[in-house]
Amino acid sequence: MSNKASDQSARTASILKTDITRENTITRSSSSNNDNYHHHNNINNYNESAKTGEDANKENIPNLEEEIAAFRIFRKKSTSNLKSSHTTSNLVKKTMFKRDLLKQDPKRKLQLQQRFASPTDRLVSPCSLKLNEHKVKMFGKKKKVNPMKLNFKGNLAADSEDVEIDEDEEYFY
């Protein structure tokens, strides 16, 4: 592979070099024709301007090595092997954990569940407090509520707390 890459970079370098020299010769020949046509007597001035033009071209042309480095294409390493080994190791860890968990007695399992409880489980937001209070008012603490059956014969005491709205007043929601 390294031979292919070096051959490819050498080829691109030669192509770039020929393009650069071709552009320089074209600009020199066209400028020399124009200068000879317009200025027959100023040969010395032409040579000086050509030299300064060449110096300017050399400064504008980037180094050949920099251009070769820009055209180098590196092949990406395949990550499929890494992914498969990672997933198999996770699978092995999960199966070992499940086996150990099945061997443990129920008291130990309960301790594990309590240990892995989230610290935010015990925190109660104001919204959830209001919801719990409303549930207690609607359904009572001791009654078991079946969410599949709707009971429309609830207490009327809960309705008395509602705010009465006058029909004459306009409310914007």
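Numbers here mean position along the shown chain, with the first residue as 1.
Just so it is clear, glycine is given a Cβ too, placed from its N, Cα and C backbone atoms.
Going by Swiss-Prot, these are the annotated features:
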COMPBIAS  1-12  compositional bias 'Polar residues'
REGION    1-56  region 'Disordered'
MOD_RES   S2  N-acetylserine
MOD_RES   S118  phosphoserine
MOD_RES   S125  phosphoserine
REGION    159-173  region 'Negative-charged tail'
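Cβ contacts within 10 Å of S125 (phosphoserine), excluding its own Cβ and spanning all protein chains shown: 9. Summed and averaged per residue, pLDDT over the region 'Negative-charged tail' (159-173) gives 54.
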